[in-house]
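Notes to accompany the following structure.
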């Protein structure tokens with residue numbers, strides 16, 4: 001018992017809970033809510049229950065990244081995902097952003113276009129999804145079949161870039177502190193960047209520079225619209241998802257980081273780790289992001305299934321400035337507090353990740369205090 005106070009004091013000083021200055025934004029800790037698709041925005045309009053969900057996970061000086069949000073009607077690939085392209089959607093986001101800001105947290109919106117990761121059911125007038133290619137995604141083990149995409153014409157690409165620009169502007173109008181461009185996980189930007197998907201012969205295909213041209217032009221447009229200090233990007237050069245991989249991920253990641261550095265003050269680069277290896281029953285971080293971390297001038301956020309111990313280590317080692325948590329934060333709304341106390345974590349229920357219920361698996365994960373109160377009642 002005499003050692004308990006020392007343990008609490010040590011826990012308060014863990015690397016994940018040290019303050020950090022991201023550009024001009026002051027963070028009180030380094031535990032970031034990763035963007036998580038939750039499929040609960042009925043009719044593509046954010047709902048009041050999202051204000052409960054996000055404010056539960058908000059702490060003073062914490063950073064939350066909202067779920068991937070459609071930039072246009074053609075951007076959708078999953079049911080009930082939110083948009084940011086109509087005035088109704090902008091107005092619906094405002095009270096959600098306000099709820100997070102009342103907690104003193106910072107809130108960024110991830111903006112995306114899924115490209116070919118869609119079906120005609122989600123597309124306007126039942127049209128084919130658009131992509132860099134007309135190659136269809138190979139059905140996965142779940143049996144999900146995505147529709148054959150239509151290859152974007154060269155003269156159509158500026159419109160998609162402008163959709164990203166307007167989405168960023170709309171996000172700022174809704175009150176968000178900034179935006180994260182979704183350039184990861186096999187969605188539209190990666191369908192251009194990665195050579196397994198991009199088979200174009202125009203200026204957006206072929207060489208690495210050409211394949212990255214679309215993503216770079218999106219970045220340029222968004223930065224010009226809202227300022228580099230309000231823009232981050234998520235990249236996953238090593239990830240093979242949705243039939244989207246690259247023959248030289250290090251070259252791809254390095255090239256993209258170099259393009260980010262051309263914008264002075266570009267806020268952050270959020271990268272996803274290669275798969276973690278299992279060695280002697282424990283996960284081992286591949287540390288594959290180190291070259292990009294060294295090259296990038298701004299804040300570097302790492303993601304990829306980290307736990308408390310791994311997150312503390314990468315911050316202490318200078319491998320990352322911030323660590324994004326997805327499933328752990330989904331299931332533990334008070335995750336920074338639990339990390340501080342090294343408290344037990346709620347287990348997540350995968351079966352409720354993408355259901356449309358506004359409470360179950362969404363806002364009903366208990367806080368530590370609720371568990372403690374239940375224990376006291378049980379043993380009283």
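Glycine is no exception: its Cβ is also placed from the backbone N, Cα and C atoms.
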Which of these, 13, 68, 75, 197, does Swiss-Prot say binds FMN at the same site as 35, 36, 37, 110, 234, 305, 326, 327?
68
The record lists 182, 183, 184, 185, 275 as binding substrate. What's the largest Cα to Cα distance among them, in Å, rounded to a whole number?
19
Where the distance is taken from Cα to Cα, which of the recorded positions 182, 183, 184, 187 turns out closest to residue 305 (FMN binding site)?
184
Mapped DSSP class for residue 275 (substrate binding site), helix or strand or coil:
coil
Let me know how many other Cβ atoms fall within 10 Å of the Cβ of residue 185 (substrate binding site).
20
Candidates 35, 37, 110, 187, 327 (recorded positions) - the one closest to residue 275 (substrate binding site) by CA:
327
Return the maximum Cα to Cα distance in Å (whole number) over the record's FMN-binding residues: 35, 36, 37, 68, 110, 234, 305, 326, 327.
19
